[in-house]
Amino acid sequence: MAYTQSKSQKVGYQAGVKDYRLTYYTPDYTPKDTDILAAFRVTPQPGVPFEEAAAAVAAESSTGTWTTVWTDLLTDLDRYKGRCYDIEPLPGEDNQFIAYIAYPLDLFEEGSVTNMLTSIVGNVFGFKALKALRLEDLRIPVAYLKTFQGPPHGIQVERDKLNKYGRPLLGCTIKPKLGLSAKNYGRAVYECLRGGLDFTKDDENINSQPFQRWRDRFLFVADAIHKAQAETGEIKGHYLNVTAPTCEEMLKRAEFAKDWNAIIMHDFLTAGFTANTTLSKGCRDNGMLLHIHRAMHAVMDRQKNHGIHFRVLAKCLRMSGGDHIHTGTVVGKLEGDKAVTLGFVDLLRENYIEQDRSRGIYFTQDWASMPGVMAVASGGIHVWHMPALVDIFGDDAVLQFGGGTLGHPWGNAPGATANRVALEACIQARNEGRDLMREGGDIIREAARWSPELAAACELWKEIKFEFEAQDTI
């Protein structure tokens, strides 16, 4: 049987173990526009040269293994291998560096975040020669992006569906997150929506437990939405969590909610990218918005030296599909440095983002007109945080006050009213040219003079702050 010889065949097969850097470290390589580029923070074991550690990452995340193999002669490694094309020392870190690796596009299945991540991060993180490894950023080429659907609808389509413009959207996670009956759950939804919120939502771990089966919850929530819409004249919504044990069950729950224009919610990391992409395509086909919760993200992204940065997970989610995703708050109870957070918020929402190392963005990213994803600020926020949230996140965001609504001393509806009044006051002040960060306290106090609900919330939470140093910084 005849076949064409590759460059490797012309040299001949040489069995044995050789340094990775002899094959996979190519500092003279110029990345192509079609390459997927990765920036890894590498901490090698003592005694392992930087070039060898970087080349090992390139090899083990593409075509390499620990020894030469005869079947290398049956392909063209120069065409398919990953290449470490640059090593960047980190100031103040003698044992760490950034390795830049280019992957040929042919290594990846079209439209598959699952396959892309399996290759790039699936095996190499357990490599013994590395003390720690973190994927800081990816550059996804336009040629690969065009094989993905992306978000089911995107920011502008959501605005048009809801007929709400010029301000962030206001939401609330129903608490307690577990234990309520379906009927009492629906009651809380109704009270929050009637009080002035745009949305309420399921929490990440409410699926279909013995105390509240999914079908019962969906039906009581539907009644609550319809009643609140009729009374307020506004379009209302609730994020129904359809995360399930199987993809078939997940799609069945989404199909059940389709007829009353529901908003679907999904835990994209615990359920997996295959399930998320499947659900995203179903939501686009059926005209349903898709809300994404990032449950489990901190297991991967919180440690500075090991794991996957959330900006990478955010890019992957935009490709896989979701109309909004939780991003942290900067000011609330959850981890989030301001510069870093705004960096990946822009990566979610904007069409073209320039490289900006001050915000942790290692590569310029062109999204090729893929719809944007709305950022969701949620976790330990209350009315005093409203000016900062509006200033930080702008209009294309969902601000979700769970305890900051349901913890109001007068009940759920007054809690919702307090948040709506605070939001409207901040938007008016911003539009009048006032400085929300400098004058935010005065703006809230002025609004509280004519809103007893807001005044009560201000008094309750005036001492509550979450002032801890962020662990993940530039």
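From the backbone N, Cα and C atoms, a Cβ is placed for every residue, glycine too.
Checking the candidates Ser62, Ser378, Ser451 against Swiss-Prot: the one annotated together with Asn123, Thr173, Lys177, Arg294, His326 at the substrate site is Ser378. Among the recorded positions Lys175, Glu204, His293, the residue whose Cα lies closest in space to that of Asn123 (substrate binding site) is His293. Residues within less than 8 Å, Cβ to Cβ, of His293 (active site, proton acceptor) and separated from it by at least 6 positions along the same chain comprise Asp203, Glu204, Asn241, Met265, His266, Asp267, Phe268, Ile325, His326. The sparsest Cβ neighbourhood within 10 Å, among the listed recorded positions (Lys175, Lys177, Arg294, His326), is found at Lys177.
Taken residue by residue with DSSP, Arg294 (substrate binding site) is part of neither helix nor strand, so it is coil. Farthest C-alpha pair in the substrate-binding residues Asn123, Thr173, Lys177, Arg294, His326, Ser378: 36 Å apart. Here the Cβ of Lys201 (Mg(2+) binding site) has 27 other Cβ atoms within 10 Å, regardless of which shown protein chain they belong to.
Lys201 (Mg(2+) binding site) has Thr173 nearby among the binding-site residues Thr173, Arg294, Ser378, counting only those with a Cα within 10 angstroms of its own Cα.
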